[in-house]
Structures are given as C-alpha cells and as structure tokens.
Amino acid sequence: MQDIYTSLMAHNGAAIIVGTLFVVLTTIAVVLRLITNWSTKAKYGWGEACLIIAQALYYAQYAVQMHGIIEGRKMKSMMDPHLTTYLRAVYIGGEFYFPQIFFTNMSILFLYRRLFPVQSFKRCTTILMAAHGLWVIPAIVAETAMCSPPSVLWEAPLLIPEKCFFYSSFFITVCSVELFLDICVLALPLFYVSRLKLAWTRKAELMFIFLLGGLVVITGIIRIIKSAEAGVQAIDFVLDILWLDVHAGIAILCACLPTYRPLIVKSAAFLSSQGSKLFSSRGSSAANSSGKSGNSGSTGSKALSDGTIGSGGGGYKKYEKFGSVDEVQLVGLPSGPDRV
C-alpha cells in the first residue's frame, strides 16, 4: 500500500472526476424518480424522503471530500500543513457515509413495501430495516471515536498507532456486514418477482432491473480490496474516497431504477403520438396537393384521439391511467395477503 502522500498524488484527479460524475448522475436519477412520482400521481412517502436525505448526505460528503483532496494535493511532503486539512476532511467525510447508505437502503425497502403489498414481504422488510439500524448505529459511533481524541488523526498523525484503533480491521468488518445486508436487500424481491403471473419477458425485465443492484455489491468488494490491506492500521484514504463515491452513487441509482417504467412508457407513448402526428400531417399535405380528400390526416387524428399508439387496426395498447396502482406495483401484483 502506498503512503498517504504518494497515493494522493497518484489518484487525486481520478477521485475528483469520479466523484463529480456520480454527483451529476445521482442528481438526475433522484429528479427523475420524483418526476415519475408526480407524473403517475403516486403519493410521496417515506421512500422518497429517505432518498432525498441520502442524496443530501451524498452532496455533503462530496463537498467535504473534494475540499480535502484539492487542498491535500497542494502539499509537498508529509510535514506540509495541507496534510492537516486533507486528513480532517477525510474524517468529516467519513461521518456522512454510514447514514447515507442507511437512508439509501431505507428508501429501497420502503419502495419494496409499496411495490409488493404482501404481508410476508412486509415482515421481511421490517426485519431488514431493524438489521440496518443495528448496523448503522455502532458503525457511526466507532467511526466517530476511531481516535482518542479524534483530532489526533489530523493534528498528530505520528500518534495514530497509539491513539487510534486498528481501523483497517474495523473497515473490513463493517463493510462486510453492509455487503451482507445489501445482498439481502437485493435478493428479497427476486423470489416474489419469480412468482408473479406475468409473461416471462416482463418477469425477466423486472429481475434484470433488481439484479442491477448487484453492482453495489461488486463495487463494495472492490472498495475493500483497493482500500484496505491486512496488517496495516490505516486504509488508503484517497482510493477509499474514489470507490466510496462509486459504491454509494450506484446504490442511489439502484434505488431509483425500479420506479422509471411508468415514465418510460408515458414518454414512449408521447413520442409515438408525435411521430404519428408528423407522418399523418405529411400524408394529408400530399393528398391535398394531388386533389384527394385527405383521409389519411383524419385517420391519424382519430387514432390519436382514442389514446392508441399508431393509427387504425387492432392490437394497440391503450396507455391510460399511467398513475394506476397496478402500474406502480409492477403490473398485476395482487393486493391480498400472500397472493403472489
């Protein structure tokens, strides 16, 4: 493992680019989820509240970390005062991580409760919520009290071996527990989706969306491997920042993805109707110029007015009630207890 100075000089640019990229991506993802709720007239609930809190914590973490990296890369040696600013930012930024992951996973679990109105499923989500609480509280306490006093980390780095606990062991343990909880959250809906009475293509689509959450687990494993080394007390701070941003950012993206289908369907219907209007208008103009009655234009107008995609003929789906309960609940999921 490289020392603090060497690693920061080698990876600060990548950390800034990756962090900024995921701030943009997560912002777009959260806004789209809120727009989807609004467009489908779905109620805003605890899931959305937790997601907004998680995103706010992500912003705060990003701001502190970027400040620390930008200041830290100005240092010329391990005795440079900029090291103090960098290590203080590392400590403060770390305080945001566990609450941010907690609220992101809470957002996913609350979303699950809305998508799967089944009593046994709700019991499972309640157990997972409690497990997350039992994980996050000790993690925050330990992260805060890693050194005695905490200021030793940035004011007297040479005293870290005496005044701080073996952080890499804590890091590996707490992140491993988090990954186990992530796997539980990821696996929970797959069993219920497999029992839905849907076409296999739709079922595969839903499973694929939920399985994208596996990227959270993969990036979490990479983060542990890249940041920590057995027998070394500290972790590689800048690599941890880089992979933390990827890991937490993908978690927010995965919290939003399952909600987009109504917005995608509605957007597709709108684009299709605009395309139909364009082609029918061209057909009408061509017919008028040749002395015909313009029936193609009226046919196109009629097709648009009855809510179908395209014109004439059977087999076109009516896109009505985009905000219906069935649409929000992954289409056709029974609302009775355990009727999956």
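Quick reminder: no glycine exception, Cβ is built from N, Cα and C everywhere.
Unlike curated entries, TrEMBL annotations are predicted automatically.
The feature compositional bias 'Low complexity' is assigned by TrEMBL to 285-302.
Residues or ranges marked as domain 'Rhodopsin' by TrEMBL: 32-265.
Annotation comment: TrEMBL describes 285-310 as region 'Disordered'.
Here the transmembrane segment (12-34) has long-range neighbours at 44, 48, 51-52, 55, 58-59, 62, 65-66, 69-70, 72-73, 238-239, 241-242, 245-246, 248-250, 252-253, 255-257, 259-260, 263, meaning same-chain residues at least 6 beyond its ends whose C-beta is under 8 angstroms from one of its own. Annotated transmembrane segment per TrEMBL: 12-34 (among others), in sequence order.
Taken from TrEMBL, the feature transmembrane segment applies to 46-70 (among others). Sequence-distant contacts of the transmembrane segment (46-70), counting only residues of its own chain at least 6 positions beyond either end whose CB sits under 8 Å from a CB of the stretch, comprise 8, 12, 15-16, 19-20, 23, 26-27, 30, 33-34, 37, 85-90, 92-93, 96-97, 99-101, 103-104, 106-108, 110-111, 114, 238, 241, 244-245, 248-249, 252, 255-256.
If one looks beyond the transmembrane segment (90-112) by at least 6 residues along the same chain, the residues whose Cβ comes under 8 Å of a Cβ in the stretch are 45-48, 50-51, 53-54, 57-58, 60-61, 64-65, 68, 121, 125, 128-129, 132-133, 135-136, 139-140, 143-144, 146, 150, 153-154, 174, 178, 181-182, 185, 188-189, 213, 237, 241, 244, 248, 251-252, 254-255, 258-259. Annotation source TrEMBL lists transmembrane segment at 90-112 (among others).
Under the heading transmembrane segment, TrEMBL lists 124-145 (among others).
Below 8 angstroms of C-beta separation, residues 98, 101, 105, 108-109, 112, 115-116, 118, 121, 124-125, 128, 131-132, 135, 139, 142, 146-147, 203, 206-207, 210-211, 213-214, 216-217, 220-221, 223-224, 227-230, 232-235, 240, 251, 330, 340 of the same chain, each at least six residues beyond the ends of the transmembrane segment (165-194), sit close to that stretch. Among the features that TrEMBL reports, transmembrane segment is placed at 165-194 (among others).
The transmembrane segment annotation in TrEMBL covers 206-225 (among others). Listed by sequence, the residues of this chain that lie at least six past the ends of the transmembrane segment (206-225) yet keep a Cβ under 8 A from its Cβ atoms are 108, 171-172, 175-176, 178-179, 182-183, 185-186, 189-190, 193-194, 196, 198, 240, 243-244, 246-247, 250-251, 254, 257-258, 330.
Nonlocal intrachain contacts for the transmembrane segment (237-257), taken as residues 6+ away from its ends with a CB within less than 8 angstroms of a stretch CB, comprise 4, 7-8, 11-12, 14-15, 18-19, 22-23, 25-26, 29-30, 32-33, 51, 54-55, 58, 61-62, 65, 69, 86-87, 90, 93, 97, 100-101, 104-105, 107-108, 111, 171, 182, 209, 212-213, 215-216, 219-220, 222-223, 226-227. For 237-257 (among others), the entry in TrEMBL reads transmembrane segment.
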